[in-house]
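As recorded in TrEMBL:
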COILED    76-103  coiled coil
COMPBIAS  347-357  compositional bias 'Low complexity'
DOMAIN    36-176  domain 'Multidrug resistance protein MdtA-like barrel-sandwich hybrid'
DOMAIN    76-145  domain 'Multidrug resistance protein MdtA-like alpha-helical hairpin'
DOMAIN    180-264  domain 'Multidrug resistance protein MdtA-like beta-barrel'
DOMAIN    267-328  domain 'Multidrug resistance protein MdtA-like C-terminal permuted SH3'
REGION    336-391  region 'Disordered'
Amino acid sequence: GGRFAGPPQPVGVVTVGRGDIRITLDALGTVTPLATVTVKPQIAGQLTEVGFQEGQLVKKGDFLAQIDPRPYQVALEQDQGQLAKDQAALAQAQADLARYQQMLKQRAVSAQQVDDQAFLVQQDQGTIQSDQAQIDAQKLNLAYAHIVSPVDGRVGLRQVDPGNYVQVGDSLVIVTQLHPISVVFSLPEDDLPQIQARLRAGASLPVIAFDRSGTTQIATGALSTLDNQIDTTTGTVKLRAGFDNADETLFPNQFVNARLLVDTRQDVVTVPVAAVQHGAPGAFVYLVGAGDTVAVRPIKTGPSDGGMVAVEDGLQPGDRVVVDGTDRLRDGAHVTVAGQDGGAGPGAATPAAPADGQAGGQRHRQGTGEGGGQGQHRRRDNQTQQPAANP
């Protein structure tokens, strides 16, 4: 033990306690509107008016644009005139039929003439129905000339200016629903059973959206649905979370980091992730005993919330474990307690944060490159610090 000889090593220590462990899953997500509608004219004509400002919030049914209705009004009046003409012809044909039927009783006309007149009446009745359909079509065209918003949302940039002649299918503007809004993200298929079990139990699973760096929380929502199939190329399934987005902090097509709270393990033995080491015995901690000597204590770890990890076996509340200064320790080494925390429940400050990331699990988040989010995930359990030195 030459390299361990010397004075006692200063270490930071925490007292093992009980607390809750939040089991979460992280993934890269994309903000996706629940409705995005490209407004297109359904009739051709000159665009005479635009009734919105770019970026304006609109309600369903609000006026957006007007196409010159005059050609369609003229066509409507023509069809109405044709209907009146054909109605008169039908009335005459019906009168003739009635007269022929009386004359047939007197044997003044043949039965063939009566039948021919009856067929003529039916033809005129069909013409009336056709005229009415033409009138309905022209009225619909007039309604189409007055363009309104199909959804609640915010209008984008105007794509056609008043005065232009627009054709059916030309894009006028895009209306995007901003609140509520959703975030779509992907998780491994192995995570599906626990998510489905919680949903079947009627649980509402919270989802927190963080910014691209994963450090700033920007919105809180809830899981709304799962996709109905697994992507065979990535082994992941898409999920959609809903957000009220009343303050519009989420913007369509924005990349965010989504954190899904699957479950909470309550009142379990917990230690800081920094206290857990790995070596020949597997997961272990340095337990501080009488006389300020440390002993290697193998433990069985459970879920982690990134900052704290549940200990299923090997420790009891009140035990003292080393969280800082483990790199030069060995079984039986003497230590000097340089700092001691009063407990190891969630939210308790540890004497030293992990050197390779931020507390609270941010070091487990993926990078946020613009890669669409497939497979960009991290399961936040059983996450322990890699060993600096084997015992």
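Glycine is treated like the rest: Cβ placed from N, Cα and C.
TrEMBL entries are annotated by machine, without manual review.
A Cβ distance under 8 Å defines the sequence-distant neighbours of the coiled coil (76-103), meaning residues of its chain 6+ beyond its ends; these are 109, 113-114, 117-118, 120-121, 124-125, 127-128, 131-132, 134-135, 138-139, 141-142. The average pLDDT computed over the coiled coil (76-103) stands at 94. Sorting the domain 'Multidrug resistance protein MdtA-like beta-barrel' (180-264) by DSSP state (H, G, I as helix; E, B as strand; all else coil) yields 12 helix, 46 strand, 27 coil. DSSP labels the residues of the domain 'Multidrug resistance protein MdtA-like C-terminal permuted SH3' (267-328) in these numbers: 9 helix, 38 strand, 15 coil. Taken through DSSP, the domain 'Multidrug resistance protein MdtA-like barrel-sandwich hybrid' (36-176) splits into 71 helix, 29 strand, 41 coil.
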